[in-house]
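J.: Residues or ranges marked as coiled coil in TrEMBL: B:531-558. According to TrEMBL, the feature domain 'CHASE' maps to B:275-500. Residues annotated as domain 'Histidine kinase' in TrEMBL: B:568-824. According to TrEMBL, the domain 'Response regulatory' annotation covers B:848-979, B:1003-1059. Under the heading 4-aspartylphosphate, TrEMBL lists B:ASP904, B:ASP1053. According to TrEMBL, the transmembrane segment annotation covers B:20-43, B:158-179, B:207-224.
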Amino acid sequence: MSLMALREQLNGLVNSMFLEGLLDDQFEQLQMLQDESSPGFIAELITLFCGDSERILAELTKLLDQAVVDYQKVDAFVHQLKGSSSSVGAQHVKLACVQFRQFCEEHNKEGCLRALNVVKHEYYLLRGKFDTMLQLEQRIQAYESKQQI
Amino acid sequence: MSRRRVSFSDGKQCKGGRRWSNPLVVLFVLCCVGCSICLLWGLEVYGILERKVRVRALGDEREKTLLDQHNLSKDRVQALALLISSLNQGRFYECMSKSVADERLGSSLLHVLREQHPEIDQSQDQQHWDRENMSHEKVSVEIMQETHQFFPEPLLNILYLVIVEMVVFSMGFALGIFFKSSCQQFQQQKHYKPQNSKGRGKWSKKFLFLGVLLGLLVAVWIFLSMKADITERRKETLVNMCDERARMLQDQFNVSMNHVHALAILVSTFHHGKQPSAIDQKTFAEFTARTAFERPLMSGVAYALRVLHREREEFEKQHGWKIKKMKTEYQCLVKDDYNPEKLDPSPVQDEYAPVIFSQETVSHIVSIDMMSGKEDRENILRARATGKGVLTSPFNLLKSNHLGVVLTFAVYNTNLPPNATPKERIEATVGYLGASFDVPSLVEKLLHQLASKHTIVVNLYDTTNVSAPIRMYGPDVASASEMHISNVDFGDPTHKHEMHCRFKHKPPPPWSAITTSLGVAVIVLLVGHIFHAALDRIEEVEDDYRQMRELKVRAEAADVAKSQFLATVSHEIRTPMNGVLGMLRMLMDTDLDATQEDFAMTAQSSGKALIALINEVLDQAKIESGRLELEAVPFDLRDILDSVLFLFSDKPQAKGIEMAACVSQEVPDILIGDPGRFRQIITNLVGNSVKFTREGHIYVSVHLVEDAKSVKVGQCDTLSGFHVVDKRKIWENFSMVKYSNEANDAVSLMVTVEDTGVGIPQDAQIRIFTPFMQADSSTSRTYGGTGLGLSISKCLVELMGGEIGFISKPGIGSTFSFTAVFRDGCKSSDDKKRHHSDPALSDFQGMRALVTDGRSIRAESTAYHLKRLGIHVHVAIDQDSAINTILDVCSTSGKERLDMVLVDKDAWGGGSGISFPRLLLERRQNGAVVHQESLPKMFLVATFLSPTEVHHLKSAGYVDSILKPLRLSMIAACIRKALGVGSKRQQLKGQPMALHKLLIGKNVLVVDDNAVNRKVAACALKKFGATVTCAHSGKEAIRMLQPPHNFDACFMDVQMPEV
C-alpha cells in the first residue's frame, strides 16, 4: 500500500512539475530511458546535474564578483549550464540561461547579475523539487528491495 | 503611538462624558429659561398686585370721599334736627309759623338746602350710593383688568425682543455655516488650507460676539424702558394721590365754608330777624359745639356784631362789658393763661366788631373787637363788600398758637337783593361770622382718614404772594425727589393755595426691570455659550477629522510600504533559504551518523516550514500590492483535485475520515486558468477541513454554477452519514448564482468543500477572511497555521472573478463554497497535456462496473472516478439488488458483461462490505450454477484497512482493495493489475525497437564536456543496446579516435572547446 502511495506521490510531483513548466519533454524521455536495467538512472542523473550546476553557479558568482568580468568565461559557463539543464529537461533554468547569455553578449554586468540571480532562483526551486523526487524514489527503492527480500 | 492611543481613549471617555453632559446642559438651560419665565411672570403678577394695591388704595380713597360726602349730607340733616332740638319746640313752631309768612326765612332755608343740593341729592338717593359702594369692588376689579391689559405689553415686548434675539443668533450662526460651507467648497476646489477654517471660525465667532453684544444691549434697553415705565407709573400715582388729597381738602373746606355760611344765615335769621333774639351765647355755643362734626376743618366759630361808634356805649351797657382790643403784636406769644379781661379796651374807631357769640373752643375771643386785628379787619371789610366767605392769609391763631386761616362771612339784613352792590352790602351788614381753620391739625386729620398716608408727604402752601409762599402745613423738607403740585381752591379768589405732594421714601429699586433684564441677559449669555460651545465643538471635530485623514493617508502609505517591503524581503529571504535547504540536502547525502542526520533533518524541516510561511506571506503581500497576476494555461481540474486530496490523505486515513471528490460531468476536461492558484485555494480549504475534522468526512464537489442550484441536498444523505450544514445558504449571498454570466467560452465553476469538523464559532465568522486572523487565538496553538490561508484564498477567488463564502455551525461542521471563472480548454485545439494519461485511460474504454454502496453520494463519487476511465457504471444502493444484478449478468453470460464490482467497506454500516462476496457466494450456491470465470472481479473500497483485513481480503473473495481517497491513477493501476489490461502498453514500444535493432552491438563514442549531457546521451544509447564509451573533452576524443579505432559512431557537441 505504501509503495503504491509513494509511487502516486512521485507521479503527482512529476506531473505538477510538468504542469508548472519546470520540466519539459526531455525529462519524459529520460523517464522512458529508466527501466529495470538501470533503476537509479534518473537519480544519478539528477545528482550529477545538481553537482555540476552548483559548481558552475559558484564559478559564475565568483566571476561576476570580480571588478573586471571575463565575459567569455562567463559565457562558457553559462553555455555549459544551459546544455546540462536542457538535457535534464529543466526548462526554466534553460530559459534563464538563454537570457543570461544575451546579457553576457552585451557585456551588461548589471543584467548578468540579475540573470544570475534568476538562474539561481530557478535552480533552487527545481532543486527542491528534485530533492523531494529523489527522496521518494529512494523510499520506493528501499521498499521494493525490502519486498524482494 | 501608544500615547496617541491613550489620547484616543481619553477622547472616547471625553466623548462619553460629553454625551452625558450634553443633556445636562440642555436641561440646565431649559431650567434656566423656565425659571426666568417664571420669574418674569411672577414679577408681572407682582407688579399687577402692586398696582392692584395702589388701585385699591385709590379706590379706597374714592370710596372714602364718597362716604364722607354722604356722611356730610347725612350730618347736615342731623344738624337740622339738632337745631330743632336745641331750640325749644314751642319757639320753633312759633318761628316756623312766623317764618311761613316771612318769605325771607323760607327762602333762606331753601337757600341752605340749595347750597347743599348735591349732598341732598345724594342723601335722597342713598340706596344708589350704597349700591355704588357695593359695586366698588367691581369697579376696582375693572380697573385692575384695565391694568392687566395694559401690563402684558412690556411682557410681549420682551418676548418679541427675545425672539428677535434668537433670530439674530440663528442668522449669525447660519451665516457662519454658510461661510464655512462656501469655504469648504473653496477647499474642495483647491487643496486644504488650515488657516481658512480658522478664518471662518473667527467669522462665526465674531457673529456670535455681535449677537451676544446685541442681546446684552437689548437687555439694557429692556431695563431702561421698564424703569421709565415704573417711574411714569409712580409719578402718575403721585399725581393721583395728590389731586385726590387736594380735592378732598377742598371739598371738606367747601363743606365747612358752606356750613359757616349756613350758620351766618341762621344767625341772621334767628338773631337779627327776631325780637327778642332767639339766640344767646349759650344757645350758640351749644349749637356750634354739637354741630362741630360738620365743620371738620374748623377749630371754632364766633359771631361778631357790627357796632358803630355811636352805638358803642349802648352796646357796652347792654352786654355789660367793654369792647376790647386785640393784642396784635404778640399774637405769637399767646400763652395758656390768656385772659381777655386783661386786654385793653378798644380804642375809639368808626365801627367795631365785638364778638358776642362764640363756640366753647374759642370762647376767649368774646368781647374782642375783630376790627382791631389787622388781618381780621381786612377780612371783615372784604367779606361784607363781597357777601362771600373770605379767607385771611395764614397766621398764628390766638391762644392755640397754631398756624391758621380765618374765614369770615358777613351777616346781612335779610332784605338784601341778590345782585346788590358792595355799598348796599356794607350798609346791610349787621355782623360777621368768623371761623378759624386750624390748618395743620385739620389737614392731619383729613390725611389720617386716607389710606397710604405714609407713602407721601403733603405740604400746603398759601401762594397768594408768589415770591414768598407761606407754608401752612407739612414738614419743612426740601427734598430733591420729584413732587407734584395741585391747586387747592378754597373758594376765595384772592388767595391761592397749593398742595405739594412728594413721596416720603425714595423710589424702591425697579426690581422687576432689573430681574427681567437680568433674565434676558442670562438667557442671551446662555444661548451665546451654547452657540459658542457648538462652534468650538464643530471646530474640534473638524480638526479631529483633519487629523484622522492625515493619519489615514499615512497609514495607507505605511500599508503599501509594508506590502512592498514584505514582497521584496520575502523574495530576498527565499533565495538564500533555498540555498540553505539545498545545502542541508547535500549534507544529508554525505556520510552522517544518526545524531547528525537527525539534526540535519530537523533543520531541513524547519527550513521547509519557513519557506512555506514565506511563500504565504509573499502571496499575501503580492496580492495586497496588486502585483499578483494569474496565468492562463490549460489544466485538468480533476487531476488537481486528485493530487490535493492525495496530499492530505495521510491524516484522514489514519483517523478513518471519508474523503472524496466529485466533479460534475458538465465540467469540461480541460480548463484554461491558473492551475497553481486554483490548487492553492483547494489546498487551503481542504487543508483547513483536514485540520479541523476529527471524524466524519470531507467532500469536495465541483459543479457548473448553472447546475449548482439543482443539486439536491439531503441533510442525512452525506458521505459519512454525519449531519452537514445547508450549503445552499452560502449561495444565496453569491451574486453569480443569481446572475450567471453567459460569456462565450467562460465556465463558471462552483466548488464546495464540505466537512464535519468542529465548525467556526459564531463570533469569529465575520473575521475569518481577515489576514492573520484565526477563529480563535488558541487555534494556532492547537492546529497551527498563520491565518493567511483563507485571506489569500479570498483574494485569489476574487482575482478569478468569483466569490467565496461559507456557512458553519459549531459542532456540525463547515462548508466553504467558492465560484471561479475559467475558460473552456476543450475548445482550444492543442490538447497536449492530455497525452500523459490518455494511453492509460484508453485501456478501460467500454468496460462495465457495478458500484454498490448504501450511501448514494459515496457511490456517486466512486462512479465518477470510474466514469473518468471510460467505464460504464451501474449503481446499486441496496445489497439485494446488487446481488441480483450480479447474478443476472452472470447467468446470461456473454451479452451483458460485468467486468468489476466495487463494494464499499462500510456500504451498509461499519465493515459490512467485507462480507458481501460471501453473501453473493451463498446466493449463488442456492441458485443457478454460474461459471467461476464469468464472475466479475470484486474490489473493496475502503478508507482504512488493517493488516489482518488485508490479509483476509483474498479469502473473503476480493481481488484487490482500493484505498480512499480515490484517484484516477490508483484506480487505473488497481484495475489494470487485477484485469491484466496493462500489457497493451508494452506494444507501444514497438517503434523504438527498430532503433534498437539498428544500434545493438554498436560501439559509440560520446564526447561532451558536460557531464550531465554525457550521461544522458550515454544512457540513451545504452538503452538501445549500444556499447557506449564516454570522453569528457575534445582532446581525449581525438586521442581515442586515432585510427585504428573500433567505434561505429561518435557523437560530439558542436561547440566543443579545445577542438
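Here the Cβ of each residue, glycine as well, is placed from N, Cα and C on the backbone.
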J.: To the nearest whole angstrom, what is the C-alpha distance linking B:ASP904 (4-aspartylphosphate) and B:ASP1053 (4-aspartylphosphate)?
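T.: B:ASP904 (4-aspartylphosphate) to B:ASP1053 (4-aspartylphosphate), Cα-Cα distance: 58 Å.
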J.: Give me the non-local Cβ neighbours of B:ASP1053 (4-aspartylphosphate): same chain, 6+ apart in sequence, Cβ-Cβ under 8 Å, ordered along the sequence.
T.: B:VAL1007, B:ASP1008, B:ASP1009, B:ASN1010, B:ASN1013
J.: With every protein chain in view, what's the tally of Cβ atoms within 10 Å of the Cβ of B:ASP904 (4-aspartylphosphate), excluding that atom itself?
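T.: A count of 24.
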J.: Express the predicted model's confidence over the domain 'Histidine kinase' (B:568-824) as a mean pLDDT, rounded to an integer.
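T.: Mean model confidence (pLDDT) across the domain 'Histidine kinase' (B:568-824) is 79.
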J.: Specify the secondary structure state of B:ASP904 (4-aspartylphosphate) as given by DSSP, simplified to three classes.
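T.: DSSP assigns B:ASP904 (4-aspartylphosphate) to strand.
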